[in-house]
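Chemist: From Swiss-Prot, for reference:
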type	residues	note
TRANSMEM	31-51	transmembrane segment
TRANSMEM	75-96	transmembrane segment
BINDING	HIS81, HIS180	heme b b562 binding site
BINDING	HIS95, HIS194	heme b b566 binding site
TRANSMEM	111-131	transmembrane segment
TRANSMEM	176-196	transmembrane segment
BINDING	HIS199	ubiquinone binding site
Amino acid sequence: SINYKNMPHQHLLTLLSLLPVGSNISTWWNFGSMLLACLMTQIITGFFLAIHYTANINLAFSSIIHLSRDVPCGWIMQNTHAISASLFFICIYIHIARGLYYGSYLYKEVWLSGTTLLIILMATAFFGYVLPWGQMSFWAATVITNLLTAIPYLGTTLTTWLWGGFAINDPTLTRFFALHFIFPFIIISMSSIHILLLHNEGSSNPLGTNSDIG
């Protein structure tokens with residue numbers, strides 16, 4: 001055993017060493033916590049980016065250039081937001097892969113809430129990708145939103161509502177910014193439900209070891 005008494009931050013080390021999880025938990029179980037860390041990073045940096053962003057098709061790109069060049073530490077916020085978004089998806093795909101490998105899909109409520117989270121996350125990332133309103137943003141907005149027209153009966157109406165008219169324009173960007181801002185809070189709510197369901201069901205135990213260390 002390790003003696004923590006003569007070490008700095010002994011209380012924190014003791015707390016971490018007594019984390020009540022079973023011996024079957026490995027590094028692959030860390031990615032859920034890493035996803036929460038990514039989410040918090042995105043919300044904090046996103047808030048500061050939103051302060052300086054202008055949701056207008058003529059000013060959006062200029063506002064991002066201004067953010068990068070003129071706002072103190074703006075380039076750090078922008079790059080952290082972009083890199084953390086990529087890390088978010090790396091973590092979530094590893095998180096899903098671990099769930100598939102160890103049969104976590106057998107816990108239906110946890111798995112379905114997680115699947116819903118993935119869909120919302122992908123939608124959030126798409127809306128964020130469009131916000132700079134560069135050439136690729138316009139192309140992505142046009143192509144992806146046109147997929148809604150494939151929905152029977154409601155498709156055309158949904159697309160027109162999302163565009164705010166009959167073509168991609170200023171109202172579209174305003175809607176995308178509003179949705180990109182509100183979706184992370186929906187993700188927080190869904191994550192809380194996901195965690196509550198997980199604690200109700202319990203995690204998978206691939207080694208079949210006794211996880212009761214009390």
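Any Cβ shown, glycine's included, is placed from N, Cα and C.
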Chemist: Given the binding-site residues HIS95, HIS194, HIS199, find the one whose Cα is closest in space to the Cα of HIS81 (heme b b562 binding site).
Modeler: HIS95
Chemist: For the transmembrane segment (111-131), which stretch among 31-51, 75-96, 176-196 has the most Cβ pairs under 8 A?
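Modeler: Checked against 31-51, 75-96, 176-196; highest Cβ contact count belongs to 176-196.
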Chemist: Using a Cβ cut-off under 8 Å and a sequence separation of 6 or more, which residues in the same chain sit near HIS95 (heme b b566 binding site)?
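Modeler: Same-chain residues close to HIS95 (heme b b566 binding site) (Cβ under 8 Å, separated by 6 or more) are PHE31, GLY32, LEU35.
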Chemist: For the binding-site residues HIS81, HIS180, HIS194, work out the Cβ neighbour count at 10 Å and name the residue with the minimum.
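Modeler: Selected from the binding-site residues HIS81, HIS180, HIS194 on minimum Cβ neighbours within 10 Å: HIS81.
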Chemist: How far is it from HIS199 (ubiquinone binding site) to HIS180 (heme b b562 binding site), counting Cα to Cα, in Å?
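Modeler: With distance taken Cα to Cα, HIS180 (heme b b562 binding site) is 29 Å from HIS199 (ubiquinone binding site).
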Chemist: Distance between HIS180 (heme b b562 binding site) and HIS194 (heme b b566 binding site) at the Cα atoms, whole Å?
Modeler: 21
Chemist: Hey, what's the Cβ neighbour count for HIS199 (ubiquinone binding site) at 10 Å?
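Modeler: Around the Cβ of HIS199 (ubiquinone binding site), 10 other Cβ atoms lie within 10 Å.
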